[in-house]
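Record features (TrEMBL):
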BINDING   A:A27, A:G28, A:A29, A:G30, A:S31, A:G32, A:K33, A:T34  ATP binding site
DOMAIN    A:6-283  domain 'UvrD-like helicase ATP-binding'
DOMAIN    A:284-598  domain 'UvrD-like helicase C-terminal'
Amino acid sequence: MPDLLANLNPEQLAAVTLPNEPALILAGAGSGKTRVLITRIAWLIQHGYASPPTVLAVTFTNKAAREMMARLSALLPIDTRGMWIGTFHGLCNRMLRAHYRDAGLPQTFQILDTADQLSALKRLMKGLNIDDEKYPAKNLQYFVNNAKEQGLRPKDVDATDNFNRKFVELYDAYEQQCQREGVVDFPELLLRCYELLAHNPPLRAHYQARFRHILVDEFQDTNKLQYAWLKLLAGEHNAIFAVGDDDQSIYAFRGANVGNMRDFEQEFQVRHLIKLEQNYRSHGYILDAANQLIAHNARRLGKNLRTDAGHGEPVRVYEAATDTQEASWIVEEIRALINTGLSRGEIAVLYRSNAQSRAIEHTLVNVGIPYRVYGGLRFFERQEVKHALAYLRLIDNPNDDTAFARVVNFPVRGIGARSIEQLADAARLYNCSLAAAIPYVTGKAGSSLGAFANLIAKLRAQTQQMSLPETVEYVVRGSGLADFYQNEREGQDRLENLQELVNAASAFVSEEGYGLDTPARAIALRPGATAAPELTVVSDDPGSVVLDAASPADLAQNPDTMTPLAGFLSHASLEAGDNQAQAGQDAVQLMTVHSAKGLEFTAVFITGLEEGLFPHENSAMEADGLEEERRLMYVAITRAKERLYLSFAQSRMLHGQTRYNVRSRFFDELPQDTLKWLTPKAEAGARWGGRSDNAGWGRDWFGRPGREGRYDGHEAGAAAAPLPAFANEQRAVDTGFRVGQQVFHTKFGEGTITALEGGGADGKAQVRFKRHGEKWLALAVAKLQAVE
DNA sequence: AATAATAACGTTTTT
DNA sequence: CGTTATTATT
């Protein structure tokens, strides 16, 4: 029997071994939060306090859920399948699939992602002739999601003015549309599930009796609805083990309510509040910086991180003249770090907003350092993948108008905008789906639409007995998507992605434990299940639970009534897949501070620390805005293990305009003895303000900064490299390249200069590249970068 | 119906 | 400035 409790510190030990009562674990950054959560589950099971089916653990991201699952099974040889471990949305989806009838949904209901939802709203508004100028669909989307997250249906929303009354009206119409189509959006998954439990006492009792152990990760990120859902599941007797950190609450803008922590403490009369303050990640100075910064926030639950590691290196601060120069400095430091043997993947560059990545990427490309930018298009969000999924959705649920509208004319089959408008009119008239309205459209448009309907029907019939991967492959071909991208000039990547979709279907089938030959649209029993599980509560007799082909035990073990196809479509909506561009390679990590939450790196650069940018100017308008920015900075600082670099630029190109910024106020909130200014620290009074009447100083600065006291290269390699810090600017002055010099080119990579011609603006260089042979390049055009 | 021109927009993001 | 959505043009 493994000793789970070995190497836990006293606080962690106390948390892991708490009695089954409501508990709040205030887990600081790098304090072993996930470990505590996992060990708690393992410990409960090892000691017989819990069996797997009584455990429900909920996270915000699929990644966190997967990690929990993986680490748990590594810790204990237990069957994690009986446990419910997943995201809020994933678990709600699971419950709604198991009780679709009680939830008032069709068995094949589809999930709209954010983009689908927006297009559904646009379609709705177009049909109602709503002026998009006056009532933007985007705003309605926000309105609807916000209402749902407050648990409000249209009838519950208090509309004070005509504008809001219109939104409520549209919210109502949208709900009807979704219901008719058999689709649910993200917040609807949660609200439906909440209502399912709230309005169905026997069902609620069933799950309350089952989930005796509820564990919540990142509790500070829960919204009102998620909190209400948890409360409902916990009932009177179940304990919630909530783990979170109010200082890392950075998602208020998407509805997260830190107040849930205080509410939880009071409403559940929490007697066990444990603070995990021992940090296992960062060196001392870094923690000092984090602690002192966050101390400037009011209304904290209160926490101070400590470490056994020494002070470590001081926090380095760099003031650049421009954003370009800031990028050059960062890249030079990165090179120095790599030279000391640090791997690229251990270095992260963080920024407040995505737009800032451009300058840094550009410089990294010039120097030839591999990097990876987080964020961007994810696999299931690619247009070709969404098209293929739309066909699959139509096969499962012909009423899904969002899917229908997406592919009715893709690949093009002569169904233009006016045909679709005709069809939409008919659908509205007969209050039916677009697909069902096809017979009502006459003429040429009608026959084209009829052909499309036949195509879908054919795909549906022919894939009837096929497995999921076969179905996906058949649909990719049968829909004409494969041919379309085959003939498209730039279609090869898209074609590969469609093949990848087939692979994803295979992977899904085996990971979920379906037999490889299981028909994609048959309810399949997983290994160990004895019957198709469905628990149905007869609504006109709320006191009785009628079992539909399953015993409660079966349901407890195996609540899935999803067909492989429905499961796969859910998976595609709920887990959009990786968004990493060049995964696998050892690369410097570029990301927003938000994306960095939960990660750690040996060396971290926090960039663009300027008033207006970080803290962001928009935060000044929001209640609690500055405090949230400060928490964001806190998250950024605590990502660093050994080296932390802070930088800012006096001028920065933003939205096509040069802006002059003042250094961030956060510098004044950090303990000065932990900071090492690589550039002289300007006193607050002597610094230029960010006002436009300071335009003159920019010119002065663009000449040459005074050299005295100026940071002239990283300390580590100061002897070796004379002036890497300002390589870009100085090259502009003397244009000096020499034959034999090593250079980098954005496109061609590394090379050696073999000849030089002319000078000044029309200078040319012949460069022999390692991969691309010899080329003549105009120095004014080619951005050659000198290499040491 | 595909392509070109123009306008609009610009904080953070998972499900 | 650079991207994306919409509109105009052929």
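Yeah, the Cβs are placed from backbone N, Cα and C, and that goes for glycine too.
Neighbour density for A:T34 (ATP binding site): within 10 A of its CB lie 17 other CB atoms from the protein chains shown. Sequence-distant contacts of A:G28 (ATP binding site), defined as residues of its own chain at least six apart whose C-beta falls under 8 angstroms from its C-beta, comprise A:D245, A:D247, A:K275, A:L276, A:E277, A:N279, A:K303, A:L305. The number of other CB atoms found within 10 A of the CB of A:A27 (ATP binding site), across every protein chain shown, is 29. In sequence order, A:V36, A:D245, A:L276, A:N279, A:Y280 are the residues of the same chain, not among A:A27, A:G28, A:A29, A:G30, A:S31, A:G32, A:K33, A:T34, whose CB sits within 8 A of the CB centroid for the ATP site. Model confidence over the domain 'UvrD-like helicase ATP-binding' (A:6-283) is summarised by a mean pLDDT of 95. According to DSSP, A:G32 (ATP binding site) is assigned to coil rather than to any helix or strand. Every protein chain considered, the tally of other Cβ atoms within 10 Å of the Cβ of A:G32 (ATP binding site) stands at 22. Under a cutoff of 8 A between CB atoms, and with a sequence separation of 6+ in the same chain, the neighbours of A:A29 (ATP binding site) are A:D245, A:D247, A:Q248, A:N279, A:R281, A:A290, A:L305, A:Y634, A:V635, A:T638.
A simple way to gauge crowding: the CB of A:G30 (ATP binding site) has 22 other CB atoms within 10 angstroms, across all the protein chains here. Under a cutoff of 8 A between CB atoms, and with a sequence separation of 6+ in the same chain, the neighbours of A:K33 (ATP binding site) are A:I25, A:A27, A:D217, A:V243, A:D245, A:L276. Long-range Cβ contacts of A:S31 (ATP binding site) within its own chain (separation 6+, distance under 8 Å): A:L276, A:E277, A:Q278, A:N279, A:Y280, A:L305.
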